[in-house]
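Participant: Starting off with a structure, shown below.
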Amino acid sequence: MTDLNKVINELGALGIHDVKEIVYNPSYEQLFEEETKPGLEGYEKGIVTQSGAVAVDTGIFTGRSPKDKYIVLDDKTKDTVWWTSDAAKNDNKPMTQDTWKSLKGLVTEQLSGKRLFVIDAFCGANADTRLSVRIVTEVAWQAHFVKNMFIRPTEAELVGFKPDFVVMNGSKVTNPNWKEQGLNSENFVAFNLTEGVQLIGGTWYGGEMKKGMFSMMNYFLPLKGIASMHCSANVGEKGDVAVFFGLSGTGKTTLSTDPKRQLIGDDEHGWDDDGVFNYEGGCYAKTIKLSPENEPDIYKAIKRDALLENVVVRADGSVDYDDGSKTENTRVSYPIYHIDNIVTPVSKAGHAKKVIFLTADAFGVLPPVSKLTPEQTKYYFLSGFTAKLAGTERGITEPTPTFSACFGAAFLSLHPTQYAEVLVKRMEAAGAEAYLVNTGWNGTGKRISIKDTRGIIDAILDGSIEKAEMGKLPIFDLAIPTALPGVDPAILDPRDTYADKAQWQAKAEDLAGRFVKNFEKYTTNDEGKALVAAGPKA
């Protein structure tokens, strides 16, 4: 049994005092009762749906709030963090010690004198590099979310549990002094790497806790030579591992959830001397337009203990997955064992042989699949191109092109080239091949079908793409197959999907120019300059 007085004293040391009661690492049964009990109001209230899963609303924040993210500037971070600058805008904004103290006071005061949920869990499936994380919240469903998403310790692992990082979620409190402090708004997601603390205020969105710890793994692991990746991963019967990089909405969760392969994880992984390992104990899947036909595994995972966010629940308790009226970024979190075909008992496997970059090209220019050279691998990894899809972040609803370094710039704590170097080293050591897969649109104006994309992924994983005859796509100089089993041959060359090929040419020149302009920020050193030739020619 965990000594709750010890936990109370540890919270006291952080500034949380007069704790009424601690609900420590509650069971799913207990969480279900807590989040659905009568009398809960507003965003604390959970609704039981027909599937048995509980649905909650996260309020005005239906996605992360990157503009409200800060890291305390101190001796540890000043020369290591990839700080935002005019040349390279990112979400790592510096915060002073004084502002940090003020925000910490707000959050600890909010959590004091309350009945608190405390979840102790791990981030990272490898015992020697994992973070021991303690999450403190007054909201039952937020405790449920982190129980789903982080790795659940055994009773033995909880004995003498010592957190490396504490997440204090004060979603009910906002910062009245934000203007004087020069912050973006009254809401905040702030990190102090020296103290090992994350503070959340004003936003109820569960993903801030998950992605907050991902940003921290992205700080600590590459400094140890371990690749830290915004990707999903799975493994075949022969032990062949594949990783799928991609931004939100490009198909990471969908495409790695494959009945023929065991899932390692759907979003965040490390790659060390032993192989690829998951950071998480759950999945966080988008549910907009979810159907049992297209995504049977995810659909089936939505049952008791799963937690739905911002979906529309009908009067009879059924869920309308097609309704995006609250947000296009409707989500479900569930423990990873809700998927039948997973790697057990620990979510890790060997070295990756296939590295797949997923992009959703709103321009209709890129081919559905191309095989990359080592130089192109670095170029497209650093470019991290996709179309931002509807609603995965606050204030974005239409597809617009975006370049996000390493397919996850929002979560990078170090300079992007550090991630590229570590990844390519790991790939070279393992003899891994890289592919660029476009799950977006083509000249027909429609999105490439999930059936064709799955056929492409199968061809990569079973090696048949290696036997295919290859052509070259001009401007981008990408190697593209002329035919693949189970894939509509008419889509493999994007030029063929346009009534007039000149249309493709014009769009391709436009997109190539955007790639070139974006990549300028990496050409300040020789390594970056050397990669320019691997990119498109504007």
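The backbone N, Cα and C atoms fix where each Cβ goes, glycine too.
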Participant: Of Arg331, Arg426, Arg447, which does Swiss-Prot put in the substrate site with Arg64, Tyr205, Lys211?
Facilitator: Arg331
Participant: Per Swiss-Prot, which one of His144, His230 shares the Mn(2+) site with Lys211, Asp267?
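Facilitator: Record source Swiss-Prot; matching candidate: His230.
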Participant: Could you tally the C-beta atoms, other than its own, that fall within 10 angstroms of the C-beta of Asp267 (Mn(2+) binding site)?
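Facilitator: Total other Cβ atoms inside 10 Å, all chains included: 27.
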Participant: Mind giving me a neighbour count for Ile448 (ATP binding site)? Other Cβ atoms within 10 Å of its Cβ, every protein chain shown.
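Facilitator: So the number of other Cβ atoms within 10 Å of Ile448 (ATP binding site) is 27.
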Participant: I need the CA-to-CA distance for Lys252 (ATP binding site) versus Asp267 (Mn(2+) binding site), whole Å please.
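Facilitator: So the alpha carbons of Lys252 (ATP binding site) and Asp267 (Mn(2+) binding site) sit roughly 7 Å from each other.
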Participant: Does DSSP put Lys252 (ATP binding site) in a helix, in a strand, or in coil?
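Facilitator: DSSP call for Lys252 (ATP binding site): helix.
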Participant: At the Cα level, what's the spacing in Å between Tyr205 (substrate binding site) and His230 (Mn(2+) binding site), rounded?
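Facilitator: Taking the Cα atoms only, Tyr205 (substrate binding site) lies 19 Å from His230 (Mn(2+) binding site).
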Participant: When you average the Cβ positions of Lys211, His230, Asp267 for the Mn(2+) site, which other residues in that chain have a Cβ within 8 Å of that mean position?
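Facilitator: Once Lys211, His230, Asp267 are set aside, the remaining close residues are Lys210, Phe214, Glu268, Gly408, Phe411.
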Participant: Tell me the coarse DSSP state (helix, strand, coil) of Tyr205 (substrate binding site).
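Facilitator: Note: Tyr205 (substrate binding site) is coil by DSSP, not helix or strand.
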